[in-house]
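The following features are taken from TrEMBL:
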BINDING   G87, W88, A89, G90, T91, G92, K93, N94  ATP binding site
DOMAIN    257-312  domain 'Torsin-1A C-terminal'
Amino acid sequence: ALEPLSVSLAIGVAWALTGYLSHPNFYCSYVECCPSDGHRINATALRAQLDTKLFGQHLAKDVVLKAVMGFTNNPSPKKPLTLSLHGWAGTGKNFLSQILAEHVHPAGLRSKFVHLFLATLHFPHQDKVKLYKEQLQNWIRGNVSACPHSVFIFDEMDKMHPGLIDAIKPFLDYYEQVDRVSYRKAIFIFLSNAGGDLINKAALDFWTSGKRREEIQLKDLELMLSVGVFNNKNSGLWHSSLIDRNLIDYFVPFLPLEHKHVKMCVRAEMTARGYAVDEKIVQAVADEMTFFPKEQKIYSDKGCKTVQAKLDIHED
């Protein structure tokens with residue numbers, strides 16, 4: 001027979017071990033957990049990563065950093081943070097959204113709390129828009145219920161069927177709760193090529209007038225951008241209630257990239273592959289890119305999108 005003292009000791013150890021294993025700090029070191037309300041993004045680390053990895057986008061870096069830090073440091077936001085990123089392909093929209101997701105949830109796009117929607121993959125058929133709206137609402141409701149700090153990224157907004165994105169309007173509005181669920185601590189990010197032509201024209205006008213691209217401010221582009229995508233039938237936000245009700249907090253322009261920015265992308269890719277940076281190769285890759293306008297050849301028409309593929313052919 002077991003002695004009473006031994007039984008008591010065994011029970012005590014079992015309780016202590018159970019408590020330790022179930023402690024959030026221990027449990028969440030092995031299983032991904034939703035951040036607590038007291039969780040804060042490291043602004044210094046986020047800024048450093050944007051400075052070293054996102055090139056030629058002073059506006060986007062500044063706007064997103066201030067918006068995200070202001071939102072996450074607010075213990076009681078009135079609505080979810082909603083950002084709409086616009087610009088031609090290869091300018092860094094996807095890259096910035098991935099960096100941001102990683103600073104909210106370390107696993108980034110692999111996190112079960114980060115949700116990426118591709119218009120052509122998840123919402124391909126025009127005749128199923130009503131079904132897509134219901135599915136989208138249910139998905140967002142269920143995931144925000146599980147983690148209030150969920151991040152939702154909608155890529156290819158310019159390929160989204162008109163009216164579809166308005167299904168999430170109640171979740172972005174200034175409601176304390178919708179069906180007993182609060183969405184105020186979630187982040188919604190839209191990525192779109194729509195408006196890229198307007199941004200490019202504005203950047204070229206600055207260049208033509210002899211101004212530095214770094215002089216371009218958000219106020220020079222944001223109103224033009226919001227009006228442009230609101231009236232663009234191929235923007236995914238055509239006549240959208242999200243714009244009409246001012247539920248998108250920031251329209252973030254991504255400027256077209258110049259030669260020097262393409263070279264920065266090449267150097268960064270070489271470093272990421274563990275190569276020594278060879279300026280002859282950097283120049284060779286940049287020379288293989290195509291630029292516009294036809295006469296001046298100032299801006300890369302694909303941004304840095306094809307840098308990786310072009311660098312492949314220069315490998316020994």
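First residue shown is number 1, and so on along the chain.
Placement of Cβ uses the backbone N, Cα and C atoms for every residue, glycine included.
Locations of recorded TrEMBL features on the structure.
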{"residue": "G87", "record": "ATP binding site", "contacts (Cβ under 8 Å, 6+ apart)": "K93, N193, G195, G196, I199, P253, F254, L255, P256"}
{"residue": "W88", "record": "ATP binding site", "contacts (Cβ under 8 Å, 6+ apart)": "N193, G196, I199, N200, F254, P256, D301, K302, G303"}
{"residue": "A89", "record": "ATP binding site", "contacts (Cβ under 8 Å, 6+ apart)": "N193, K302, G303, K305"}
{"residue": "G90", "record": "ATP binding site", "contacts (Cβ under 8 Å, 6+ apart)": "L257, S300, K302, G303, C304, K305, T306"}
{"residue": "T91", "record": "ATP binding site", "contacts (Cβ under 8 Å, 6+ apart)": "G56, Q57, F254, L255, P256, L257, G303, C304"}
{"residue": "G92", "record": "ATP binding site", "contacts (Cβ under 8 Å, 6+ apart)": "L54, F55, G56, Q57, A60, F254, G303, C304"}
{"residue": "N94", "record": "ATP binding site", "contacts (Cβ under 8 Å, 6+ apart)": "D155, L191"}
Cβ within 8 Å of the mean position of the Cβ atoms of G87, W88, A89, G90, T91, G92, K93, N94: remaining residues of the chain near ATP: F95, N193, F254, G303, K305
Number of other Cβ atoms within 10 Å of the Cβ of K93 (ATP binding site) across all protein chains: 27
